[in-house]
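Just dropping this structure here.
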Amino acid sequence: MEALLWLIPALPLAGAVILIVTAGKLSRNLSALVGAGSVGLAALITLIIGFGFIADPAHTFHQTLWTWINVDGFKPTFAFHLDALSMVFIFVITFVGFLIHLYSIEFMHDDEGFSRFFAYLNLFVCSMLILVLADNLVLMYLGWEGVGLCSYLLIGFWYQEEKNGYAARKAFIITRVGDTAMAIGLFMLFQHFGTLNIQNILTQAPQTWTIGSETATAIALLLLGGAVGKSAQLPLQTWLPDAMAGPSPVSALIHAATMVTAGVYLIARTHVIFELAPVAQQWVGIIGAVTLLIAGFSALTQFDLKRVLAYSTISQIGYMFLALGVGAWSSAIFHFMIHAFFKALLFLGAGAVILVLHHEHDMFKMGGLKNRLPVIYWTFLIGSASLAALPFVTAGFYSKDQILWLAWAGEKGNLWFFLAALIGAFVTSIYTFRMVFLTFFGEEKTHVGHHAGKLITIPLIVLAVLSLVGGFIELPHTLGHVELFSGFVKPVLPAVEMRPGAESGEWIIQLTAATLCLAGIYVAYYFYMKRPDLRRELKSSMIVTNRFWFSGWGFDALYDTLFVKPFVYLSTRNKDDAVDRIYEGIVSGLNRVHNVFAQTQNGVMRWYIMGIVIGAIFVLSIGLILT
Amino acid sequence: MNTISVEAGLILAGILFMLGLISVMIRRNIIFMLISVEIMLNAAGLAFIVAGARWAQPDGQVMFIFILTMAAAEVSVGLALILQLYHQLKTLDGDAANKMKG
Amino acid sequence: MEATFYIASAVAVLATIMVITRYNMVHALLYLIVSFLAIAVVIFVLGAPFIAALEIIIYAGAIVVLIIFVIMMLNLREETVTQEKTWLTKEVYVGPALLSVVLLAEIVYIITSGETTSVNQPVIDATAVGVSLYGPYVIGVELCGILLMSGIVGAYHLGRQKKKIVHRFLEKIEE
């Protein structure tokens, strides 16, 4: 069955090609069938392959389709490599992708660009699958840029509004900064190994470099640059909140569940290099820790429902980076999977709420939706609980708890990582339930329009179920000790080494985390339900901090002053392009000469013949003189 | 017994060519210009014949036939152009057809 | 044989000079026929009887007749002769003639500067030419066929005289 692997990216690609070629001529039903159907089939094939794979997770499957380029030793192939890590990713991409496609059929139903939307979405799914299945880094880069392109197209999907185009360009340019770093990293890898085949590099790297080698560190840092750009981590995180300009399913699929975790995938995939470069790996952890705090505090002050979720996404990916930084590879991937479920759920729920409230994004204008939209309320609540890591019942608790524990007890963990993660967890539960209370509780402020149909509610319910039970495949030592997930990815990602002397005490950390989560919920309840006046007081007393957090810690303004303004200044100064003057001079000189010679072209034929004769005399004379 | 020098033949061709060239340059009547071009082509052909005779090869004569063919085609198209030009401009003055200029 | 060559050459040159100095077009054409006939003699003397025949048939025959046809079609009368007189003035022909003489002098110098060789080969008859034409030059023959074809099509296209057709190069004249 694994021979069908190539169909998984090929089907969405075929769907995209059909939708692009027909250019909106297909009826809506047919477009939806092509768009969602192709991804659905891909998901089905993934499931079939997956069942075969679970039996023996240690084996890998390699499928070479054709040689892509062949230039003097540089010979990347169009080949797919399936192992446990890519299995997890293609499962999440196709499965969550399919649910979001289903949801989009109803969500986008009245949109003019219905067919265009599915074309982009299919192309995205295809690119993302190529990214995670690629057996060499060049092919991976193709997928990497492909998802970047689709992200750009989908953020700017409603291109008639200028700010959407701006957001799309911002996302594209900022991720490009990271991509450039990554490309340089790839060049260096090729220089050292003469190949970009991932498996070859991973086997050769430990033989070539010693631990802490400068080259390895440089390459790891460059790859980290790429990962940081794509995954919206510090310092390239500013594009993600603006990326919410796209339709909600896009935010769910691309800017929460899949594309933004490409950085996590990259680091996990090349973990061997990072293990050889402890400094770079530590930086991964530091970036993750700082990002999760910054984004968490920013999420506290937002009033746009989708922006809260955007900052929360940045923060959760920060957790994944933190896990990668302490070497807890499988925990990062586990959190990725659980996060994909509950964050897609939250975005889809938020999209549904926004849809029924006639495109109202402001949480303070919502409220009281609990009884109006029971299905959305319950699923959203489950997603929020999972995000806030409500103890014992939600999947988010198990995945996040593992990261907390390893940030403390892992060999590369330390107190600071642990504290950051702990504070982040507290903040997470505050902003999550602030969101829930503002949206669904209190009095009704905006009239509810039409109700959500089955195509919206079914994906929500499926994702809600996954957000609850998804965690039970990996339970900590203290609670049942199930290691299905880490056992599954173990052939690819080694288990984390424990710090000596930190084996015990896991239950204390779990208890602390659980307490903090509940405390966070209570704080949210206290300020937003019980004593709203106190909140206003607090807000006015901390107005500066509030503004600072609201603007995402002023990074946009900082970059504006540091890069954009000097650049704009220089380009205005050089509007007439100093270098261009030289060429303009040449052009005008030639123009003048041309005008002189144009005079000789007077249309009188005899004149031309005379010219030929004079030329002949000239040439013959030269010939005679020279001989 | 054939003792004609090659130079004499070539110089004859050169003189004829030059006469044709002078005529092309001094005439304004386009029919005269066409006639002069014929003279020049003929002179060029003559030069080939002389060369062919010098090496005793038929190639010179082959080239003459090619030139002849070319001259026939050229004169037919040229005369058609002259007719067209005369209908447009109502004159045979070659200088009148000077609209194509820089 | 040598004498024949020089006499024929002299006739050809003189006849050509007469061609280029005539004001009357038909007179010029008559001299042109003489010139072609003289050249035919030269060619014959040089040992190419087939080409001499072609020279007479096609140059002196077909091409000149074609030009005469056109003169008849255009119905050119005495006024063209007077017009020609006004066009062919001294200042018009001195410059080009001088230039051409310079060019001729150079060519003559180049031709005569080498060693003198004489044409002392036997006659090359039509058979040899034919064998050569359809042997190594067969592609040239085919190209000639294409050229003649395009000549016919081009002449037909350009020679048509529909009233409304104004050639695109000459459109502006009608304004």
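Placed from the backbone N, Cα and C atoms, the Cβ positions cover glycine too.
Caution: TrEMBL annotation is automatic and unverified by curators.
Checked TrEMBL, it gives:
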- A:6-23: transmembrane segment (TRANSMEM)
- A:30-55: transmembrane segment (TRANSMEM)
- A:68-118: domain 'NADH-Ubiquinone oxidoreductase (complex I) chain 5 N-terminal' (DOMAIN)
- A:84-105: transmembrane segment (TRANSMEM)
- A:117-134: transmembrane segment (TRANSMEM)
- A:134-420: domain 'NADH:quinone oxidoreductase/Mrp antiporter transmembrane' (DOMAIN)
- A:140-159: transmembrane segment (TRANSMEM)
- A:171-190: transmembrane segment (TRANSMEM)
- A:210-229: transmembrane segment (TRANSMEM)
- A:250-268: transmembrane segment (TRANSMEM)
- A:308-330: transmembrane segment (TRANSMEM)
- A:377-398: transmembrane segment (TRANSMEM)
- A:453-473: transmembrane segment (TRANSMEM)
- A:607-626: transmembrane segment (TRANSMEM)
By Cβ distance under 8 Å, which residues at least 6 away from the ends of the transmembrane segment (A:30-55) in the same chain are close to it?
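Result: 1-2, 4-5, 7-9, 11-12, 14-15, 18-19, 24, 82, 84, 87, 90-91, 94-95, 97-98, 101-102, 104-105, 114-115, 117-119, 121-122, 125, 129, 488.
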Grab the same-chain neighbours of the transmembrane segment (A:453-473) for me: Cβ-Cβ under 8 Å, and only residues 6 or more beyond its ends, written as numbers and ranges.
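The answer is 96, 99-100, 102-103, 105-107, 337-338, 341-342, 344-345, 348-349, 352, 355, 375-376, 378-380, 382-383, 386, 393-399, 482, 484-485.
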Which numbers of helix, strand and coil residues does DSSP report for the domain 'NADH-Ubiquinone oxidoreductase (complex I) chain 5 N-terminal' (A:68-118)?
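Its residues fall into 29 helix, 8 strand, 14 coil.
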Take the domain 'NADH-Ubiquinone oxidoreductase (complex I) chain 5 N-terminal' (A:68-118) and average the pLDDT across it for me.
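Per the prediction, mean pLDDT sits at 86 for the domain 'NADH-Ubiquinone oxidoreductase (complex I) chain 5 N-terminal' (A:68-118).
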